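*Asks:* My questions all concern the structure below.
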Amino acid sequence: RPGSGSRPQEDAPGAADGLALASEPGGSLNFLAMVENLQGDSGRGYYLEMLIGTPAQALNILVDTGSSNFAVAGVPDPDVTSYFNPELSSTYRSQGIEVTVKYSQGSWTGVLGTDVITMPKGLYGSYTINIATILESENFFLPGVKWHGILGLAYDALAKPSSSVETFFDSLVRQAEIPNIFSLQMCGAGLPVSGSGTNGGSLVLGGIEPSLYTGEIWYTPIKEEWYYQVEILKLEVGGQNLELDCREYNADKAIVDSGTTLLRLPEKVFSAVVQAIARTSLIQEFSSGFWTGSQLACWDRTEKPWSLFPKISIYLRDENSSRSFRISVLPQLYIQPILGIGDNLQCYRFGISSSTNALVIGATVMEGFYVIFDRAQRRVGFAVSPCA
């Protein structure tokens, strides 16, 4: 981008097709306006402020690349500080269709309608979007979360009750005429999970902002357009190949999902990773509760335990299918500070868990990278994030 000063033009991804020029003055896309438009942490998710309805009601919306409905609290809930009241909006139109969405944790039921939204730190302009108002939920809104709804950014194949419900991002691409690509940077690595919840992040709609990454972007093909499903070729712990059949890593899918807190691994892969970490870490004895997430490990505040653990490398298929590239998950990402005890202890949790049906590259891993969801070219890109 001429004049941005952040890197030479030929390096700017998409410069050739005008993506990079869209942020020129007078253009509709100002990517810098979207920098730092998220708040949150890996434990409770990253959220974007959105104005919904007429007159506008301000709500915080969780950014979730693992689902496809846009939904907001539509009635008061003990765990929610604000909710959207459709009766107060002159532009709200109910479609009278009931919808239920289940997640790996939690579910909700609500009613589909449409209304206008604007994003104070997003695109200019207001857009008419499908919106589900949540009337009942279970384990969805949790105590202490600072968000009031969810923005599903995956494909329409996952939209409920059917794929005919146009997704939020598809509506934006159509109405704002932006390129079919968004990118996400989450900046909570190494900061306490249940802290003030003010760790920043950026959701860039319509392109790539060069100041949010260093080095180059490596792309892996999207295998199927429902979740952002990718293909994992191998895993290493401390430089040692786990030597599992690559089908194990993709059982029964491998996805990139900002709405999942941890790195989730299929059971066989999980136990191999835990054994390898226990073997290569510089700590003699671990209680099994640490690995299963039921216990924390605590160290003296002056000690940073990260040097005691190995790095984990995830190898993804490259766009040139005969190659692969790796993303390295440092201990700073997967050994996560939670809370201090007294003045001198800091406790950490294990940021990896087992899963019965997927390998999920969740917030634990994504916090190390600037992740590009290039729907136009059916690929997901990873670049090193300077905020990690």
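Here the Cβ of each residue, glycine as well, is placed from N, Cα and C on the backbone.
Quick paste from TrEMBL:
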- 1-20: region 'Disordered' (REGION)
- 11-20: compositional bias 'Low complexity' (COMPBIAS)
- 46-383: domain 'Peptidase A1' (DOMAIN)
- D64: active site (ACT_SITE)
- D257: active site (ACT_SITE)
*Asks:* Distance check, please: Cα of D64 (active site) against Cα of D257 (active site), rounded to an integer number of angstrom.
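*Replies:* Computed Cα spacing between D64 (active site) and D257 (active site) is 7 Å.
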*Asks:* Measure from the Cβ of D257 (active site) and count the other Cβ atoms within 10 Å, all protein chains considered.
*Replies:* 22
*Asks:* Counting across all protein chains present, how many other Cβ atoms fall within 10 Å of the Cβ of D64 (active site)?
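*Replies:* Neighbour count, Cβ to Cβ under the 10 Å cut-off: 22.
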*Asks:* Can you check how the pLDDT averages out over the domain 'Peptidase A1' (46-383)?
*Replies:* 92
